[in-house]
Structures are given as structure tokens and as C-alpha cells.
Amino acid sequence: MQVPTLVRYTAALAASALVLAGCGSSQQESGSDGSGKKVTIGVNFDLLNGIRQAEKSAIEKAATEAGYEVVFNVADKDPQKQSSQIQDLVQTRKVDALIVIAQDGQQIASSVSLAKARKVPFIAIDRAVADQQNITFQITGDPVADGKLAASEFIDAGKTKPLKVLELVGALTDQNAIGRRDGFNEAVKGDPNITVVSQVPTNWDPAQALDGTSNALQKNPDINAIFVPSDFLLPSVQSALKAAGRLAPIGDPEHVFLVTIDGDQNGCKAMKDKTLDADIATPVDDFGKQAISAITTALGGQGVSPQSVRTEGLSLDQANFATTSAQVWGCVVA
Amino acid sequence: MSSPESVRREDAAKASPARSAKPVSWLGDPDRRPGWLTDLSMLPALVVVVGVLSVLTDGMLTPSNIVNVGSQSAVVAIAAIGATFVILTGGIDLSTGSVIGASGVSAAWMITSTGSVAAGVAAGLLTGTVIGLVVGTVVAKMPVVPFAVTLAALYVVSGATTLLSHGKTIAPVPAGFIEFSIDGPGGVPYSVWLAVVLYAVAQTFLTRTAWGRRVLHVGANAEVARISGVHVARTKASVYAVAGLFSAIAGIVLTSGLAGAGAGMGGPLLLNIVGAVVLGGTSLFGGRGSLLRTAVGVLFLGFLSNGMSLLGLASFDQQIVTGAVIFIAASADGIGRRLRRGA
Amino acid sequence: MSSTYQWCARALRRQPLFPVWLVLVLALSGLYDEFGTGANFRNIAIQASPLIIAAVGATFVIMTGGIDLSVGAMLFLAAAIESSRAFVSAPAGVVFAAIAVTGLLMGLVNGVAIALTRVPALIVTLASMQVFRGAGGHITGQQNIDLPAHLRGIGTGSLLGVPAPVLLAAVTTLGGVLVFGRTVFGRYLQAIGSNRAAALNAGLPVRAVTIGAYALAGVLAALASLTQTARLGAVQPSIGDGYELTVITAVVLGGTSLFGGRGSITGTVLGALVLTTAQTGLVFSGASPYVFDIVRGGVLLVAVIAAGIRWRTLAQALRPAAAS
């Protein structure tokens with residue numbers, strides 16, 4: 001009966017050694033913690049993927065220019081984890097300000113009140129939060145406007161050839177996805193040249209986008225345009241087109257008209273390769289810059305005005321590519 | 001664990017003379033330490049991990065951070081009570097996370113439409129308990145593995161909740177209801193006090209009531225339990241109903257903590273809930289375990305996650321560390337059991 | 001005539017899911033004109049391919065009475081290796097080999113940990129799921145990475161008119177059936193699954209076979225990853241999220257018992273086909289995607305209950321023999 005105790009203690013030691021090793025390596029990353037009185041900003045994202053990486057870099061760049069330090073956490077799409085991490089940042093790490101991409105615009109409310117109670121400026125970016133009165137500043141895209149911008153590309157193209165459109169929709173639980181859908185639908189409604197023949201929900205899942213596009217092309221072979229609500233679904237759509245023998249470059253009469261939103265590296269590359277007709281670019285750099293300057297204002301004891309900013313996307317299409325692409329984040333990073 | 005029956009069969013075959021001569025664990029194993037000491041066997045690991053993390057971070061062991069870990073762990077802690085009972089019978093409940101979402105959504109829906117928190121709590125508790133009862137009845141009456149039934153329940157419940165709530169978060173809920181997860185006596189949120197009380201009650205039920213003994217008995221050996229007159233099917237069904245009830249409480253507490261409820265909010269918690277139970281030392285084969293062990297497991301995961309978040313460890317590094325720690329802790333348990341049996 | 005009838009009856013008993021699938025296909029073809037076309041069946045076959053490949057691997061694991069929750073994470077880690085800079089310009093064969101080795105190593109990690117420590121497979125693979133996903137995150141930096149064109153060819157190309165993913169799935173199925181039914185390894189698997197203690201007593205190499213089953217599942221998960229990502233044309237951090245449950249659902253639908261020892265590869269393939277057909281049908285019907293969860297949960301429940309009832313009568317029939 002001595003043995004298991006021994007084994008357990010050994011395991012405990014081994015476990016802690018492991019944690020130690022893991023932490024040791026990260027300590028170097030997080031750098032000069034507590035040295036001097038540098039302003040520390042807690043940044044918490046809902047998840048990490050291509051566009052989030054760009055948003056993270058934009059914040060880090062602007063923060064470095066302002067001489068601020070950044071502590072970064074990701075909530076892995078778990079609203080409870082996000083609320084815990086923000087609590088840790090505010091109460092234990094005692095950060096001077098927060099920049100948050102909410103997993104859920106409603107369920108972030110408790111974190112917003114916590115920050116307010118502790119007088120920590122709370123900046124929401126990318127996804128709008130419900131509790132507008134209690135945040136310091138918010139900068140988001142304008143999903144409805146982005147949907148409309150995308151729609152206007154279709155309307156322009158429809159003037160030369162009537163379009164039968166397949167519309168992909170993101171997750172029905174995400175306000176950004178709903179906004180893009182609604183803006184698009186509102187703008188194309190009543191246009192005689194545009195018919196939305198099929199709406200396919202993707203749940204922001206590339207596999208569902210691929211299968212859904214394949215099935216829709218099967219069901220409606222006369223589809224000649226597709227609205228893709230995010231760049232990261234573009235490879236799925238193109239694979240589906242290829243599998244159906246419908247992938248053709250711009251200029252080919254068989255070409256299926258494609259418009260996406262985001263403006264990431266892959267989207268920009270597709271524009272360059274003349275396989276994508278238009279991309280509505282999210283102003284990611286603005287998010288970072290304005291968030292940091294709002295923090296500077298708030299820490300100076302002033303209110304940020306305007307308190308809420310919605311930035312419309314930038315339409316990048318084949319006609320303005322040469323002049324506009326320099327302003328699109330995906331083209332710059334690449 | 002997916003094969004509790006076959007493994008138990010094997011255990012019985014392997015060590016049948018020795019094992020059948022031994023009294024089942026709830027009577028107290030003569031060659032074992034007192035129950036509460038065995039229950040705390042993961043405590044040294046917890047102390048070491050907390051110790052290491054507190055050296056590496058600032059403010060880990062401040063009272064306010066400890067209260068934070070408590071309030072961050074309350075939801076998982078409460079749901080893990082129900083999961084412990086299920087696992088004690090040798091079963092598993094994969095539907096826990098979806099029931100948390102379903103109960104939270106029905107509570108929030110009731111609160112926002114009637115304005116009454118009491119009605120909302122009642123609706124939430126009813127939702128969870130009914131789902132648990134249905135799942136339990138199927139597990140108990142049908143010759144099917146709990147894994148498959150609760151996996152099916154996970155799909156049906158989360159799909160139905162999302163469908164009925166149109167995928168929307170249901171909010172706002174009254175400030176007093178939110179307060180439950182923020183403040184309370186001694187600066188410790190009510191949610192934490194609730195979890196503490198529920199653990200005390202559940203541990204008492206497990207060790208001091210006939211029902212608790214039946215649960216352990218069924219888990220230790222269902223066949224022997226049946227012969228000695230325990231209504232195995234009823235006991236199994238009751239355990240899933242209890243798990244549904246605790247998931248519902250957890251769902252309501254989570255709704256209070258997040259100031260609103262969405263169908264998907266419980267899903268990511270499943271792994272933490274099962275992980276906490278097993279890490280604490282409750283055996284997936286059933287019959288061996290306690291709420292005290294689960295409490296240690298919950299705190300272990302809670303402090304680990306808090307510490308890694310304070311360190312600003314990248315999320316993928318957090319995953320690697322969590323996975324490795326779960327495996328090491330679990331293998332210590334497995335090796336210990338094997339040596340004990342061999343000796 | 002009567003021999004045909006007997007053959008049908010025997011086939012039905014062995015594979016009760018087949019008529020279910022047939023009814024599903026016929027009903028959907030009746031409801032939607034475009035459903036019952038060759039091109040649509042081709043689509044369904046392509047869409048089911050990665051699931052079939054991963055589920056065949058999982059069948060081996062579940063046959064031993066084990067479980068593998070790390071399938072989705074293995075999918076992601078294999079995809080991360082596939083998309084890493086080292087392989088950007090490597091020929092497809094080299095990438096193929098690298099992915100197979102990755103899968104083998106991941107499967108070995110699971111198998112060795114399960115066979116040697118006796119920690120329940122659920123916990124080992126719960127832990128390895130986190131580790132694999134974390135490692136994948138390290139390699140990709142949580143970025144979206146486009147795959148080079150020659151790798152995409154594996155997803156969109158075809159050989160003699162058969163799409164490459166379907167070809168891979170067919171080869172996997174055939175190999176699985178052969179390994180399962182015609183090799184010593186396959187027989188040992190079933191023996192270990194039905195009674196591990198007896199297998200140990202009989203001197204079977206229980207550990208080696210268990211490790212082998214998980215290693216095989218790892219290789220096939222990696223192959224499924226290649227098939228899926230090549231179709232998608234890109235690697236994203238969300239790849240394989242929750243895939244383990246879909247895989248287990250397909251295996252259990254196919255009649256493989258989670259107790260181990262009883263099941264079939266063809267059943268698993270049918271399980272994957274039923275799931276994919278149902279999903280395609282729902283897209284055709286225009287129903288909300290959340291209905292799919294309810295449908296697959298309901299189908300799973302009915303399938304396990306149906307299988308369980310037969311199992312009970314079988315168990316009752318065998319009980320006196322087993323007790324003696």
C-alpha cells in the first residue's frame with residue numbers, strides 16, 4: 001500500500017515539472033513582465049485563425065508604436081472561458097485596458113460590467129457587443145454594409161449577363177454572418193438581373209461549404225454566380241466548382257462570378273490570379289490603430305468620441321485592383 | 001471505458017478469488033487507508049501544481065484570485081457532481097454539455113418572458129431533470145451502452161435547443177440574477193457557496209444513504225448487486241436523472257455568470273467535467289470514487305487553467321500541457337491500481 | 001428462387017442497415033428530381049470518402065473494446081504537417097509518406113499508452129486529443145494555409161472516371177475487409193474484443209494487437225485528413241473539430257458494438273453512407289442545418305436500440321454456455 005502513494009507523488013512531481021517546462025518557455029515570450037511602469041493591455045480573442053492573426057498583429061503593431069505592452073489570450077470559442085480569462089486579466093494581472101473580440105455579443109455583458117467596476121477601459125473590436133452604454137469604445141466592421149457592397153458587385157455584373165446566384169451563409173448564430181446575409185439580400189431584392197436560386201448554410205465550416213456548394217451546383221446546374229461571405233470558404237467553393245467541372249478563370253464564358261468578404265492573403269492571391277472577381281476587405285489595420293488610440297484617450301481620463309465606430313469594408317475588384325490593393329491587409333502582408 | 005462490462009468481466013476473471021473474497025469498497029477495504037485520505041490522493045499533485053504556478057506568476061495565491069478560481073470553476077464543479085454519480089455506476093454521460101445549454105436557454109427564456117427568476121429556475125431544473133430521466137430510462141431499460149445513448153442525446157438536445165432558440169443568445173436577464181455569480185457573503189459569489197453546499201449534500205447522499213450505497217454497489221458489480229436485491233435498472237435511471245438535475249443547476253449558474261444563455265455555451269465544458277471526475281480519482285469502471293475526489297479534480301483543472309492564463313501561455317501550449325497533465329495523473333491512478341492488485 | 005431468398009435473408013440479418021439506406025435513397029430520389037442522378041450519387045460518394053476512411057480505422061479500435069476520441073485532432077495535426085513549409089514543393093508521394101508516418105506515430109502514441117499503462121482509452125485519447133491539437137496549432141500558427149495545386153489534385157482528380165477520394169475510400173474498405181476477415185491480426189482483434197481475459201489466457205499477443213489497432217486507426221485518420229484537406233484546398237484551424245463523434249456515430253450505426261468483439265467494416269461503410277446521404281437530403285430539402293443534429297441523434301438512438309435488442313436475445317442464448 002506504500003507503492004501507489006509513491007507512484008502518485010511521482011506523478012504529481014512529473015506533472016508539475018511538465019508545467020514548469022511549459023511555462024519556462026513562455027516566460028521568455030512574454031518578456032519583461034513588471035519591469036518599469038509600462039501600460040499593459042489585455043487582449044482576448046474568441047478564437048485564432050487567419051483574420052484573427054491579422055487583427056492581433058495590427059493591435060500589436062499599434063501598441064508597440066504607443067509604447068504599450070500586450071498580454072494575449074484566446075478563449076477557443078468558449079464564452080465561459082472568455083469570461084474567466086478576462087477576469088484573470090482584470091483582477092489578477094491588473095491590466096490597464098482591455099481589447100476584446102467577443103465570442104458572443106450578449107454573453108460578454110458580465111465581463112463588460114467587471115471592467116467598468118474596476119475602471120478598466122473596455123474596447124470591443126470586430127464583433128459588436130450588446131451592452132453599448134458600458135463599454136469605452138467599439139470598432140467593428142459593418143456586416144450589413146459589407147453585404148450590400150458585395151451585392152453591388154453582383155448588380156454591376158448582372159447588367160451584362162443575368163446572374164443566378166448561390167448564396168453561402170456563415171453560422172446562423174453569428175451576427176456578422178446574419179448581417180452579411182441580410183445586407184446582401186436587401187440590396188439584390190428587386191433587381192431584375194439577379195436571382196438568388198439557393199441559400200446554403202455553412203456554419204462557418206469549410207467542409208460544409210464544400211459539400212453544400214457541390215450539392216447546390218448539382219441541384220441547380222444553371223448557377224453562374226456565388227456569394228461567399230468569407231475568404232476562408234473560397235478554397236472550398238473553388239474545389240466544388242472544380243469537381244463539378246465548372247472552374248474557369250475570369251474572361252472565360254464558363255466563369256462563375258465570385259465575390260467574397262475579408263480581404264485576406266488567400267483572397268488577394270485569388271484576385272491576382274484572376275479567379276476571384278471581387279473581395280470586400282475588412283479594415284483590420286483600422287481596428288488596431290483606433291483601438292489603441294481609444295485606450296490612450298481613455299487612460300488620459302477623457303471619454304472616447306464617437307464611442308462606436310462601424311467601418312465599411314473596401315471594395316476590391318478587378319477594375320480597381322492596381323490602385324486599391326495596397327490598402328488591403330491581405331495584399332500587404334503577402 | 002466504452003466497455004465497462006467487458007473490462008469488469010475481465011477483472012472478475014483475472015482476480016476472481018481474491019476480489020470476491022474482498023468486501024466491496026463501500027464496506028471499507030481493510031488494506032486501505034481511511035476513505036477520506038484515499039479520496040485526497042490527488043491533493044499532493046494539486047498542491048505541487050499550484051505551488052509551481054504561484055512561483056511563476058504574480059498574484060496566483062492572492063485571496064481575490066483564489067475566489068476567482070472558485071467562481072470560474074463553479075459551473076464545472078456543479079455539473080461534475082452529476083457526472084461523478086454516473087461514472088460511479090460505470091456509465092458515462094456525454095450529453096452533460098448539451099443539457100447545460102438546454103436548461104440555461106429554457107431558464108433564460110422563461111425569465112425574459114415572465115420576468116420571474118423563480119419561474120426561470122423551475123423551468124431550467126425541469127428541463128434538465130426530464131432530459132436526464134429520459135436518457136436514464138433508455139440506458140437502464142435498453143441493452144445499450146451509455147456512451148452511444150448519451151452521444152445520441154448530445155446531438156438531439158443541442159440540435160433542438162439551437163433550433164428552438166433560433167441560434168440566438170437569450171438575454172438580458174435581471175441584474176439580481178447576474179449578481180448571483182459576482183457577489184455574495186464574504187466577497188465570495190453565491191455560485192461558489194452553492195457549489196460547496198451541493199458537494200457537502202452530495203457526498204452525504206453518497207456515503208450515508210441507501211441510494212448512495214446502491215449506486216456504489218451497482219458500479220462495483222451490477223450482477224452481484226442484482227442478486228443481493230438492488231433494483232439495478234432503477235438505480236441506473238436515477239443516476240442519469242440526478243446528472244440531468246445537476247447539469248440544469250450548472251446551466252442556470254452559467255446563465256447567471258454570462259448574463260444570458262445560448263445553446264452552444266455548455267458544449268466546450270464536457271471535457272473539463274469528465275476530466276475533473278477522472279482526474280480526481282473516480283474510476284471509469286465504476287464502484288470506486290467520491291465527490292471529494294471530484295472536488296480536487298475540479299480545483300486541479302481550475303488552477304491549471306487559471307495559472308496558464310495568467311502566464312499568458314499560447315492557447316495551443318495550454319492544450320498540450322492540459323493533455324499531458326491529464327494523462328500523467330490518470331496513469332498514476334492506473335499504475336497504482338495495478339500494483340495494488342498485483343501485491 | 002428460395003436460395004436467392006435465403007441469401008437475401010442472411011444478408012439482411014447481417015447488414016440490417018442496407019435496406020435502411022436503400023429506402024432513404026429511394027425516398028429522397030422520389031422527393032427531389034435532381035437527387036436520383038448519377039452525378040449526385042458521385043457527389044455523395046466523394047463526400048462520404050474521408051468519413052469512410054477514418055471510420056474504418058475507428059472500427060478496428062472499437063472492435064478491441066477501445067475508443068479513439070483523438071480522431072479529429074489527428075486529422076488536424078496530419079493536415080498541419082501536410083501544409084507545413086517543408087512540403088510546399090515536395091512531390092505528392094513524399095507528402096503522402098510523411099502524412100502516413102505522422103498518422104502511424106500518433107496512433108502508436110495512443111496504442112502504446114493504452115496497451116502499456118491500462119489507463120482507459122477514453123482518457124488517453126482525451127488527453128492525446130489536446131496534445132495533437134496543440135501541436136497542430138504550433139505548426140500552423142493557427143493560420144489558414146492554402147495547399148499547393150498538386151496536392152489539391154488528390155481531392156479533385158480522378159482515375160478512369162473514378163474520383164480520387166472514392167478510390168482511396170474503396171481501397172481502404174477493401175483492405176479493411178481483408179485485414180479484418182482474412183488475417184490473423186483480424187481474428188485476434190475479434191477475440192480480444194469479445195473476451196480480453198480469455199485472449200490473454202490463450203496466449204494471444206493482446207498488447208501488440210491493441211497497439212496495432214490504434215496505429216492503423218492513426219494511419220487511416222491521416223489518410224482521411226489528406227483526402228479531406230485536398231478536397232478543401234486549404235488547411236484551417238477548425239479542421240476535424242468534433243469529427244471524432246461523427247466517426248464514432250458512423251461506426252456504431254454500422255452495427256459495431258462499443259463493447260468490442262462484434263462488428264464489420266461493411267457496416268461502418270454503410271453507416272458513413274447513411275449519414276452522408278441524410279445530410280445531402282437535408283440540403284436538398286432546405287431544412288435548417290440544426291435539424292441534421294436531431295436527425296443523426298435520432299437515427300443513432302434507433303440503431304443502437306435495434307442492435308441492442310438483438311444482442312440481448314443473443315446474450316441470453318449464450319449465457320448458460322458462458323457461465324459453465
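Backbone N, Cα and C atoms are what each Cβ position is placed from, and that goes for glycine too.
Features of the protein shown, as given by TrEMBL:
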TRANSMEM  C:16-32  transmembrane segment
TRANSMEM  C:52-81  transmembrane segment
TRANSMEM  C:93-116  transmembrane segment
TRANSMEM  C:166-185  transmembrane segment
TRANSMEM  C:206-230  transmembrane segment
TRANSMEM  C:242-260  transmembrane segment
TRANSMEM  C:267-284  transmembrane segment
TRANSMEM  C:290-309  transmembrane segment
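Below 8 A, the CB atoms of the transmembrane segment (C:290-309) and the transmembrane segment (C:52-81) form no more than two pairs separated by six or more positions in the chain, fewer than 3 in all.
Only sequence-distant pairs (6 or more apart) were considered; of these, fewer than three Cβ pairs between the transmembrane segment (C:93-116) and the transmembrane segment (C:242-260) are under 8 A, so the stretches are not in contact. For the transmembrane segment (C:16-32), the residues of the chain that approach it from at least six positions outside its boundaries are 253-255, 267, 270-271, 273-274, 277-278, 280-281, 284-285, 303, 306, judged by C-beta separation under 8 angstroms. Counting only same-chain residues 6+ beyond the ends of the transmembrane segment (C:206-230), those with a CB under 8 A from a CB of the stretch are 49-51, 53-54, 56-58, 60-61, 63-64, 66, 68, 71, 74-76, 78-79, 82-83, 95-96, 99-100, 102-108, 110-112, 114-116, 147, 151-156, 164-165, 168-169, 172, 179, 185, 188-189, 192, 196, 199-200, 239-240.
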